[in-house]
């Protein structure tokens, strides 16, 4: 009887000591992360009887949890786990665990809540504060009121009051770095967002940038470019990231690569300068932080301009006066050029030098003629002609047969007593710092045709062969050509007889047929000044 009473007392004591234990519990059930899997366990504590005597069920807001779609109960010894798959905020609520232990009912209720993990808003994983500025590294985070943000750099947690002087704003979502120095501040900064069971990290690569500063700006000397040449303008800047360059013209239009302009990084080359290229040129160096600009004023030094000059046709013995009118800045020299001869205004000293040179040349010629006559025979014909030309030029200057005078923006050449030796191509040349400008004109001396050359006196041919004979003269103006055969004027038929005359040359082309084109041929040149005949056979 005593043993039965003891067993009953033990059973009563055991049942009265039973309780339900929830794991996890307390605050660990709050603000759990959404989107993952969450397990909560309910177990009967301090019971060592048969497991079959224990029945446990979970309820949510009075509804059996096993009947809720994303909730799955899992039986355990003396208890039951509750798996909530991919929980949402709406899965939060009051959850009740009920247990029946050999007829004894136990019950406990807990609150489970879910919260979205911290979310980085418009995350900037690359940030570039300006060198020397107060840097603001931004990490915007969205979370609950229990959200905590802290920063790490080089493995250390950053705190206010540190020797580096870090500060924080906006609930530590902005890190302030005073006097940013890329040498010691560049690197990866971790922005950590903690919210109970949720922990998110945003790695931010921070690199200090600096605004462009133009340190090189080279332009043509004194800002001048020369007409026809090219001009180089060089622009160089320092900055981080490396600046890019753009050039703008006087109309503020961007300059691009073309035949006229070559643009390469900060170098601008302007080809074939003209007066239209004068004006302002602006270099702009830019990077992510801003830009810097410099302006160059380019002036174009133009070559002299010479008015159009007519050609002249004169008779022997007449005179001609040629006026070369010009314009331009800083004119340095003006002259007429004929072959290797140059005519310009000379000073009295220069005239005296020429006269002395003429006298010296005469003395040398007398010395040669008396002491070394044989040497004359060894001179080359070209050398003789050159010596004669030089002597004539010197005499022309001293005798004033040839004279040059200057007027305002004009140089005037006067040649008296013209001869055939004066005929030819002349140039007026004017120079300044930009270079030389030339204008060509011709002086022609009218004269009757003068024989130069012709076909052989005897031309042999045969039937079926084509023969060609020609005559060439020097004449001003150009002559009118006619051909005669055996004293009668010859008319071309375009097939067996063809005449081709151009200027001082005439050609007669004959197609021999049955001996009909054999005979004596005469070419005749008549230019109104005179006539020349030449016989051909």
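Backbone N, Cα and C atoms are what each Cβ position is placed from, and that goes for glycine too.
Residues or ranges marked as compositional bias 'Basic and acidic residues' by TrEMBL: 356-367. Marked as domain 'Ig-like' by TrEMBL: 24-113, 118-207, 212-299, 304-444, 448-536. Summarising the annotation, TrEMBL assigns region 'Disordered' to 356-388. Summarising the annotation, TrEMBL assigns signal peptide to 1-17.
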### Taken over the domain 'Ig-like' (448-536), the model's mean pLDDT
88
### Query
Reported in the order helix, strand, coil, what are the DSSP residue counts of the domain 'Ig-like' (212-299)?
6 helix, 53 strand, 29 coil
### Task
List the helix, strand and coil residue totals of the domain 'Ig-like' (118-207) as derived from DSSP.
4 helix, 44 strand, 42 coil
